[in-house]
Amino acid sequence: MSETTNTNKEQKKPPLNGRRAIPLNNSNDEENEVPEMEAFGLIPRGFNPKDYLRVVDIHMFQEPHEINKQQHHTDKYYSPKLIVRRGQSFQIQVDFNRPYKPETDRFWLEYLIGRYPQQNKGTYIPVLVGDVLKPGEWGAKITHKENNSVRLSIMSSATCIIGKFRLYVAVWTPFGILRTHRNSATDTYILFNPWCQQDAVYLDDEKEREEYVLNDVGIVFHGNINDIKVRSWSYGQFEENILDACLFLMDKAELDLSGRGNPIKICRVASAVINSRDDNGVIAGSWDNTYTYGVAPSAWTGSVDILLEYYSSKQPVRYGQCWVFAGVFNTFLRCLGIPARLVTNYSSAHDNNANLQLDFFLDDEGKVDTKLTKDSVWNYHCWNEAWMTRPDLPVGFGGWQVVDGTPQETSDGMYRCGPASVQAIKHGHVCFQFDAPFVYAEVNSDIVYSRREKNGIQVIERIDTTHIGQLIVTKKVGDDGMMEITEEYKFQEGSAEERLALETAVMYGIKKQTTQDTVYQPQTDVEMEFQAQKAVLGSDFKVTITFRNKSRNYYTATTYLSGNIVFYTGVTKNEFKKHSFNAKLEPSSSSAFDVVIKSSEYLSELLDQASFHFFVTARINETGKILATQKATVLEVPTLRIKTQGETVAGKEMSVTVEFTNPLKQTLENVTLRLEGPGVLRTMKKEF
């Protein structure tokens, strides 16, 4: 008998494979059982848990009008549970069976997510009660004690997993740990926090946060470039059950819980699960005008019906086209707290083989040969931009990232696209993951019309370099108008910089075939270097571009410099310097070209952590070859000198002088000085 019961138990356990000690933890829905009494060893007969501190009740302050949802901008969510944003403190109250005595009583909180919680994966989080809360790190401190209750302020980590956590309060006794029993009313949702500087999705403008995170309606621009049409879309990210439906999408995509604190990973798997190709995702696309057994794409007015239907049926919802995929994706991103916007690209290239040209093959009569022509131009195409830092890329590529849920081409074997840095696309640095070449082609391809002669030789009839990506738009912040963002994606059409960016993209391995399919050969006999002089706040400084021509040829180089102000996270704020020049390169010699960066050009744009990021691109005109480089540099800010007067003896007064030199040509006003001496002096703030 015992053997059969044993095998039954075995079957219940999920299958293990040889590589992992515990099974995959990729469902926010599943739970493990947590022991209410965890004994340390043998329990003596006289032990009565009731003699010890016992939790009677937990108050979550989860109502929309209460402090937590107000401070965390989550009061609009239609949910009876507590919803907070990571990296920011929230309040709860624990009622015990008697007054809490800090000298002898020990308790802590435990947050768990998924079925196999582990501390090192961030899925089991013990939160100890201490004296101070460190910003952006897990911790708790008591803010108020009254009768049998304690009020706690809890800080979550700014990199915490996004999802629904279960809360337990654990009390230490000499014989074991006593826990509260499972109570779903204390479940806590933790979301991304664009208001928190340490969060990867931090956005510094309140108006933009209100639009890109909290606005639950929007506008989709469609039609074509000569006849722009508008339709409204209800995102509905705060509606009942939508948050659960969005978390379910990550379960569906089988994203391991430990990866759910990372917006890059979340966007990448979501771009695959929004469409039904290869993973039975949310929406089935249909472009053939027959919508049997489903809803026509143009009949949808918002995301809520689609997400709720998918959440209950677990089957793809029919049917969608690009704006439907983008509308639902936008709801998903805003719901989880990732700033997002829906973008329309007019005359969007669908480049089948990512060779940066749309090949239109003509027959003998000069008509397009539909059998041979695989590439296409969409009147418009909608995708999304999500805002985040990109610690996986060099400095300067954070900020808006393209993500696209419409199934067009496969990426790493699945129909998905992004996140791809808009800044990298603009400058042609398409070597940076994910799918930048494809998006670059959507906004920048050339249309090449070619005809095959009778002898098999292909003749190029015409190249149209300006048709693709003529206009890229999104909804304005704060009203329903249209904002053009073409400039974010590309330089002025036909400008030298634009051609340079294109050739840089080609250099970074986008296949741009010539008629003979020649292999790309870089310019090896010229080297380009970029140096920036030490830049002091408030002064002009110069940057130097040096060319070494190692050949015996005389070359000229069209050179373009772009200077950008970046946040310390690498997200670009804006471009403050553009400069182009022609460099003459004498044979076998070096030539240096200085560009002066004036303080007046950057001072008004500065951020508190003053960093610059420069792109330099040059084309050798004689060979058409491209040289490209980029560099980040930081402004020197004046140093503070601290001098002490008087004896430095305990119990005696002393005075401190702080000196620094004002580097600016103006008087400083509203100067705040903060002085702190651990163990000597609490933090002092003085205004001058």
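Just so it is clear, glycine is given a Cβ too, placed from its N, Cα and C backbone atoms.
Over in TrEMBL, the protein carries these features:
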REGION    1-33  region 'Disordered'
DOMAIN    314-407  domain 'Transglutaminase-like'
ACT_SITE  Cys322  active site
ACT_SITE  His381  active site
ACT_SITE  Asp404  active site
BINDING   Asn444, Asp446, Glu493, Glu498  Ca(2+) binding site
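TrEMBL feature annotations superimposed on the structure.
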{"residue": "Cys322", "record": "active site", "Cβ contacts under 8 Å, 6 or more apart": "Trp378, Tyr380, His381, Cys382, Trp383, Thr406"}
{"residue": "Asp404", "record": "active site", "Cβ contacts under 8 Å, 6 or more apart": "Ser271, Phe325, Ala326, Trp383, Asn384, Cys417, Gly418, Val439"}
{"residue": "Asn444", "record": "Ca(2+) binding site", "Cβ contacts under 8 Å, 6 or more apart": "Ala349, Leu356, Ile468, Gly469, Lys490, Ala501, Leu502, Ala505"}
{"residue": "Asp446", "record": "Ca(2+) binding site", "Cβ contacts under 8 Å, 6 or more apart": "Leu356, Gln357, Leu358, Ile463, Asp464, Thr465, Ile468"}
{"residue": "Glu493", "record": "Ca(2+) binding site", "Cβ contacts under 8 Å, 6 or more apart": "Thr465, Thr466, Gln470"}
{"residue": "Glu498", "record": "Ca(2+) binding site", "Cβ contacts under 8 Å, 6 or more apart": "Lys490, Phe491, Gln492"}
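Sequence-ordered, the extra residues of this chain that approach the Ca(2+) site, with Cβ no more than 8 Å from the Cβ center of Asn444, Asp446, Glu493, Glu498, are Thr465, Thr466, Ile468, Gly469, Lys490, Gly494, Arg499, Leu502. Using a 10 Å radius centred on the Cβ of His381 (active site) and all shown protein chains, the other Cβ atoms total 25. Counting residues of the domain 'Transglutaminase-like' (314-407) by DSSP class, helix then strand then coil, yields 15 helix, 41 strand, 38 coil.
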